[in-house]
Every structure is written in C-alpha cells, then in structure tokens.
C-alpha cells in the first residue's frame, strides 16, 4: 500500500495501531503511531527511511509491490533509531550494494544495531546535495541531538518538501495522512505531548537549528515527518509552535501531582488547590495522582505550567517510588522557567519532603517553601494548606493580583492571632542553613508550637521545617537585630 504525497513522492510506511509503549515504557502512545517511509521516483529512485524492525518483512513485501527493489538507486537514513531504520537488514539482504546516505554518527549507530559494516555508506554533511534527476536535488541538513547525535533532515528541491525526521512529528495513528484531514484538537495535543516528552531537553538547540534552515531561503510546501501526519496545509504553523515551545514556554497554569499512602497527601493537594483558586481564580490548576494517571500527560502539563507542586507521603524516610521516578524524568527533561514546591504528610518521622525539595532544586526548578503535615491533616492543618496555596498563587502570579480578605476559620484563631500581634513576643528567628523564618506570632502548628510562642519558649527538640536541623542553627532575623 502507498499514498501519494506529492507528484512523484509516495508514502510507503507502516501504521501501528496497537503500540502503547515507546522507548521502552518511557512514552505512552495512547493513540498508536506510524513509521513514515517515503519513495521518490524521479530519474533516480530514492527511499527515505524504513520502518520499525518488527514490521521489516511486511515493509519489504509492500515496497516490492511498488517498485522492483533493484531499481532503488539511493537509500537515505535521516535517523538510525530502530523505529526509522529497523527494516534495513531485511531490505539490504535483497539489495546489498545500494548506497546509503547518512551522517557519520548514523554509521556508528546503524552498524551497532545491524552489524553490517560492509554496507555502502556515504557520509553527508549540512549543505551537501544529491542529484536525483529531472532538475531536482536532495539537500541534507544535520540536526544533531534533535534528538539523537545522528539526526538529519532532507529537503527536496522542486517539490519543496522537507523530510523532517522526528521534528514536527507526533505519535498519532490515523487512516488519513495529512494534517488537514484529522481532528485538529487531537493533532495539537499529540504534537505538544511529543515535544514536551521527547524534545524539551534539546529546546536550546531547536531555535538556532530552525533559524539555520530558514536561512537557506528555501520554500517549504510540505513537511513530511517520520511519525504521524504530513503537514501540507500551512506547514509552517508547526514550525511557529516549535519556536514558541522552545522559548522557555509557560502558560498561566499550575500542575499539582502527588502519591499517597493513606489519602492524607491527597487531602493536602486538594486544599492547596482551593487556596490557589481563592486568590487567583483565573489560573488553571490540574491535579494528578501519579498512581492513577498517564505519566506523559503529567509531564506535558508540567511543560505547560509556570509552576508545579509535588506531594509525597514518607515511606522509610524517603519519597514514594513513583514520585521519585517521575522527578528523575523531570530532571532529564531539563525544564526551564518553572517554579516548584514540595509538600506531603508523614507519621513519626519525616524526610520525604526535604528530599523531594532537594531533588526538585537539582532538576532546575526555582523553589518556594515546602509544606508538611503530621498524620492526617485536621481542620487547622488543612487551613494551613489553603494558606500555602494562597501564598503560592501570589508568589507565582504572572501579574499582580488584587488583595483579598480571607476569613479565619474559627473565632479562636482570630483571638489567638490578635493576642499574638498585641504581645511583645520577641524577634523572629531565621535558620542560618536554609533561611526559613520562625515568626512567633504564627508559631509552627505542625510541631505543636502555638501562635504567640516566643522563641525562648519553643521546645528544645524543635526542628527547622525545611532542613530538619535544631534550634542551635537559628539566629535573630537580620532585619530585627538590634
């Protein structure tokens, strides 16, 4: 089976309706995928890429029905990964001397996967051309680390088609090939999901590479990707989206995700979200339980967000395994221009929230104060969670927010705060390690230190909520020192 792309270019790839895991289990392909291979018939016959190795036999059989394999003059491999070049062994068994054009790095990868160093490799670099007859040429553009070292794109003059490799693609299987034929909302979602989960680590390379390609001043009538649709209707729309996504992208959105053992951390997540929306009803807030949610949807939402709140219960003094794994993936994705805060519940001892805060900071997030609750949050602890959400909403606001008056939850709390404010409670104290501030008027309810407790009356076993160090590391807050 083949599909006419344009003039003498046909799609000869393979749809994969059933695939649900990609790159091991790193990427959930909930809408399947396709492996796009293209056959060009000019004076010279050119095959661009193959398909995933599991479809090798079907691919060669289908290709044979389109063309005598011996008539293929050149094979172009834009990318050596197995979902692109996987059928090479099956194909080259039939036409072993056919020239293969690829980057130098691709030769290393292809021979590493297929173990045929004797194949007729021809190295190409940016700006190299290959004459295919009828006044047309292929122009090669290296795109290293988008997303492998061997990656390149191929441009066909005359027809003005850019064979873009993984860039501008999506794991999206449909019986229709072109972007104007499919559901536009689904297509946009899958494009963004693909960029967020695969190309985000290389965003710093995207803009200069697109700028380099545009600098050739070549018309682009179509973008033929390696996965998903071919962009024939306004193909530059996806290029414009990539330029936007590569520029430290964020929306007015906050993502909250958590894992919980006894529902306590979930209660905290809900209360924090309530506090955020009290202060800023316009910010989009989405909550995920990592044990019940699609991991790649969570990461896509993190990509879209200005900030993320991550919650975990404490298990053996460390964070929950699913949270640890997801934070490790976030580290690899190298998100930029994002803020973060950790929260969670614990029992007799903690540890997870501090560990999580450190990991998020190591992942490149700008950190805000964390929040902890001991055992199941009661009405007072949940109010602290809501207040944390209010504080986060103001700290992370993209524009100044109007002041709002939030009622105290109980009359007793109002009295306590008023009394604390009126009393001479002595100075606030600041942790010399993590800079957390103890305010005597507020106390530290999570350690049973009531509002209005002077520092001298704070128990000796008090621990800094942020770094878990004792009272001896605290100094008088500099602004209050006399």
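Just so it is clear, glycine is given a Cβ too, placed from its N, Cα and C backbone atoms.
What you see is a predicted model, and the numbers here were worked out from it, not measured in a lab.
Look at Swiss-Prot and you will find 30-210 tagged as region 'Zinc metallo-hydrolase'. Taken from Swiss-Prot, the feature Fe cation 1 binding site applies to 79, 81, 147, 166. The Fe cation 2 binding site annotation in Swiss-Prot covers 83, 166, 227. According to Swiss-Prot, the feature domain 'Flavodoxin-like' maps to 254-393. Under the heading FMN binding site, Swiss-Prot lists 260-264, 342-369, citing sequence analysis as support. Per Swiss-Prot, the feature domain 'Rubredoxin-like' maps to 426-477. Residues annotated as Fe cation 3 binding site in Swiss-Prot: 431, 434, 464, 467.
Sequence features annotated in Swiss-Prot and their locations in the structure.
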residue: 79; record: Fe cation 1 binding site; DSSP class: coil
residue: 147; record: Fe cation 1 binding site; DSSP class: coil
residue: 166; record: Fe cation 1 binding site; DSSP class: coil
residue: 227; record: Fe cation 2 binding site; DSSP class: coil
residue: 342; record: FMN binding site; DSSP class: strand
residue: 347; record: FMN binding site; DSSP class: coil
residue: 352; record: FMN binding site; DSSP class: helix
residue: 367; record: FMN binding site; DSSP class: strand
residue: 431; record: Fe cation 3 binding site; DSSP class: strand
Note: in the chain of residue 81 (Fe cation 1 binding site), residues six or more apart in sequence with C-beta under 8 angstroms of its C-beta are 109, 148
By DSSP assignment, list the helix, strand and coil residue numbers for the domain 'Flavodoxin-like' (254-393), in that order. 65 helix, 34 strand, 41 coil
Counting distance between Cα atoms, which of the binding-site residues 83, 147, 166 is nearest residue 362 (FMN binding site)? 147
Excluding 83, 166, 227 themselves, which residues in that chain have a Cβ inside 8 Å of the centre of the Cβ atoms defining the Fe cation 2 site? 33, 35, 36, 79, 81, 84, 165, 169, 171, 225, 226
Whole-number Å distance between the CA of residue 147 (Fe cation 1 binding site) and the CA of residue 83 (Fe cation 2 binding site)? 13
Determine which residues of the same chain, besides 79, 81, 147, 166, have their CB within 8 A of the center of the CB atoms at the recorded Fe cation 1 site, and list them by sequence. 83, 84, 146, 148, 151, 165, 226
For residue 260 (FMN binding site), the one of 83, 227, 464 that lies nearest, given that the binding-site residues are compared by Cα: 464
Where's the emptiest Cβ shell within 10 Å among the binding-site residues 352, 367, 431, 464? 367
Just the number: how many Å between the Cα atoms of residue 352 (FMN binding site) and residue 83 (Fe cation 2 binding site)? 39
Given the binding-site residues 227, 342, 347, 357, 431, 464, which lie within 10 A of residue 166 (Fe cation 1 binding site) by CA-CA distance? 227
Among the binding-site residues listed here, 79, 147, 227, whose Cβ has the fewest other Cβ atoms inside 10 Å? 147
Over the domain 'Rubredoxin-like' (426-477), what is the model's mean pLDDT? 86
